[in-house]
């Protein structure tokens, strides 16, 4: 079809709208692209500008007009040639909804017949779109074929025969009902900051080495002050000052080489106030028991006769922070069931998200009060992501995945908590990580869907959860060295370090793939209190342990390579300590279950 630029200008003059030459060419292009004549295009443009209260014609206005008006109209129009082309199931469902709305509008002007009625009568309280959305199957919501040319299900995952198997139990799990109350439960969720929580993105990659040094120095001085007061130490000695009698030194563990820490390469980096940051090698031969890792803040007692080497004779134990004391604002609760799961949510040989759909089915069946879901939701280490085989943008796939979880679990009424991961390919891999940004959240879901940062301190009815998706156990396990007279559990030692170092990532220097912004790390990645429950997913084997009164849970990952993995569930019941009794954990039972 031929379109005249002069005719477009004449139509615009009728409405007293001036148009530049460049914008006229753009209008001609839009007429051809969307099959409109000059009169119809100008009429729709003026109607759009009037409804949006836009004054004047600019390139930005034209772009908004094309995106919000023309493109939507084209998507609703039937395709020529009788073939609709390849559509994913989500777009087909949306077209069905549009047709239902248009037919419903037409029926409202007609007299209904006495025969059978195809669709239920709708009212403002129960609009059609909400009804159809809430009953839509998760399998309809997620269409892997729309973003992957090879979306075939994983054979190994489909053929597993151990689904639902409980692999580990903690506490009095026997006889516990793992079904929550869904919508009937009264849940109070809030994020605890130290002093504030991370709520938005920030500029990274601008830190200077002196700023990092300041953060590490503050950490040494703060922990040193607490330990000094607890152990009633009079004063610390500078690390390079020779002394014939035993001395007490404050500092941070380091390694004298670029390799892995070992018993012969340990150095103590003194604090700024007493030692001006000086370093001294440490001889551990006189210590019967120790557990050390790079970045650990310690107080050591020993002999330093030459000022060139410390022969350590005692290592002072670290101290955890106190537990949170619930207030009246936190309310009271009889019991709550919390489900925890960590990505990847698809097997390494497929992108069909079958494990995620199975998890949604479990959530709808058991209706836990709260579901805590850790990333990665689209794993940067997935084969199809690494080889650039996906046909849709990462952000779009993530939103489709998120939409599937939110709408697919709507009938359960469970609260959803989303924790990001540095392995989420659509996010900046910086630590600490801001919450996910998701602007398409429906109004009915806003009270039950929560996006938090990584790491995060979360209060669920006054029970404090420490949440982190970073595999700190794996990172620290590769660097820690230890010596013990009896049997010693490595994972318990690492968990104890996390609680006594009061940090979600006390390792320094960090692992190579960790990009840490230390100024924000100091604000957002510290433990303000000892959590009642620490959820710390890892590639290492799943476990549930009580460490220093804190229940530490590694639920495993929902998938392990090509096979199914595990998820965790916790049963909470607040128990009041009577008299001088020892504090009792609110987590009375926990299980790790195969998907």
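Residue 1 is the first one shown; counting continues down the chain.
Including glycine, each Cβ sits where the backbone N, Cα and C put it.
A TrEMBL annotation is a machine prediction, not a hand-curated record.
According to TrEMBL, the feature region 'Disordered' maps to residues 106-160, out of the candidate ranges 106-160, 161-215. Taken residue by residue, the domain 'DNA polymerase alpha subunit B OB' (213-318) breaks down under DSSP into 22 helix, 40 strand, 44 coil. Summarising model confidence by region, the domain 'DNA polymerase alpha subunit B OB' (213-318) averages a pLDDT of 94.
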